[in-house]
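Visitor: According to Swiss-Prot:
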type	residues	note
BINDING	N10, W11, K12, G174, S214, G235, G236	substrate binding site
ACT_SITE	H96	active site, electrophile
ACT_SITE	E168	active site, proton acceptor
Amino acid sequence: MSRTPIIAGNWKLNMNPKETVEFVNAVKDQLPDPSKVESVICAPAVDLDALLKAAEGSNLHVGAENCYWENSGAFTGETSPAVLKEMGVQYVIIGHSERRDYFHETDEDINKKAKAIFANGLTPILCCGESLETREAGKENEWVVSQIKAGLEGLTSEQVSKLVIAYEPIWAIGTGKTASSDQAEEMCKTIRETVKDLYNEETAENVRIQYGGSVKPANVKELMAKPNIDGGLVGGASLVPDSYLALVNYQD
């Protein structure tokens, strides 16, 4: 099974619609063929309309950074997965450490979101990762495996085959510290083995696993050379057209 590499930018709370259009115009003609590398930008909800319109007809795929687990109702301030699908969004990030930390999202919340995202024909990018304290205590595998088990609860093997899992060690996000490519590979391998234990070998071979945490043009090739790393979830380096292009075109 050859898994298509996926490089996804996570803009977090950055960029406005005007900057979004300028970014897309700067990158859209230089993106790789999606059969070689899938290029994704996950943007704030307020930028998605501009991003989708600007990216139309290009090789850029669009993701949201969050959504709710209900499609409609009295949920002030939330984003509907059904409307994201109608708009043309393909991916939704869930379980990012910033959501878990600042907005107190639990594994149960994240699992409900995963189910709602799949029910609407979208693909979740499920984030997992440990803190520095957990790693220093030697409990990183236990921690990440429990996040994966809880996040995938009740999902079918067919759904999980289409899933993207992003391993983001919290201590490496926006700190300039990167897990070594060996550390990243080791955890991505553990994640794949967990999927195999929960489902079967075929599902584990199909699931795409990204590394996130200070991914930049200088380290992307080394990370992507690892057998269990299928992509990157990229923060700061995805805000600048030149560095984003260097990341998605890492094979050149």
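For all residues, glycine too, the Cβ spot is worked out from N, Cα and C.
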Visitor: Inside 8 A of the center formed by the CB atoms of N10, W11, K12, G174, S214, G235, G236, which other residues of the chain have their CB, for the recorded substrate site?
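Guide: Everything else in range on the chain: I173, V234, A237, S238, L239.
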Visitor: So how many other Cβ atoms are close to G236 (substrate binding site), meaning within 10 Å of its Cβ?
Guide: 18
Visitor: Taking the Cβ of E168 (active site, proton acceptor) as centre, how many other Cβ atoms lie within 10 Å?
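Guide: Around the Cβ of E168 (active site, proton acceptor), 27 other Cβ atoms lie within 10 Å.
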Visitor: Let me know how many other Cβ atoms fall within 10 Å of the Cβ of W11 (substrate binding site).
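Guide: Excluding its own Cβ, W11 (substrate binding site) sees 22 Cβ atoms within 10 Å.
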Visitor: Please compare the binding-site residues G174, G235 by how many other CB atoms fall within 10 Å of each one's CB, and tell me which has the fewest.
Guide: G174
Visitor: Which state, by DSSP, holds N10 (substrate binding site): helix, strand or coil?
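Guide: Note: N10 (substrate binding site) is in a strand by DSSP.
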Visitor: In Å, rounded, how far does the Cα of W11 (substrate binding site) sit from the Cα of the residue listed as 'active site, electrophile'?
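Guide: If we compare the Cα positions of W11 (substrate binding site) and the residue listed as 'active site, electrophile', the gap is 12 Å.
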Visitor: Determine the most Cβ-crowded residue among the binding-site residues N10, S214, using a 10 Å radius around each Cβ and all protein chains in the structure.
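Guide: Checking each of N10, S214, the winner is N10.
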Visitor: Measuring C-alpha to C-alpha, could you say which of the recorded positions N10, K12, H96, G235 are within 10 Å of the residue listed as 'active site, proton acceptor'?
Guide: H96
Visitor: Whole number in angstrom, please: the longest C-alpha to C-alpha distance across N10, W11, K12, G174, S214, G235, G236 for substrate.
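Guide: Taking every pair among N10, W11, K12, G174, S214, G235, G236, the longest Cα gap is 14 Å.
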Visitor: When the number of other CB atoms within 10 A of each residue's CB is tallied over all shown chains, which of the recorded positions K12, H96 has the maximum?
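Guide: That would be H96, with the most Cβ atoms nearby.
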Visitor: If one measures from the C-alpha of G236 (substrate binding site) to the C-alpha of H96 (active site, electrophile), what distance in angstrom results, rounded to a whole number?
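Guide: Checking the Cα atoms of G236 (substrate binding site) and H96 (active site, electrophile) gives a distance of 15 Å.
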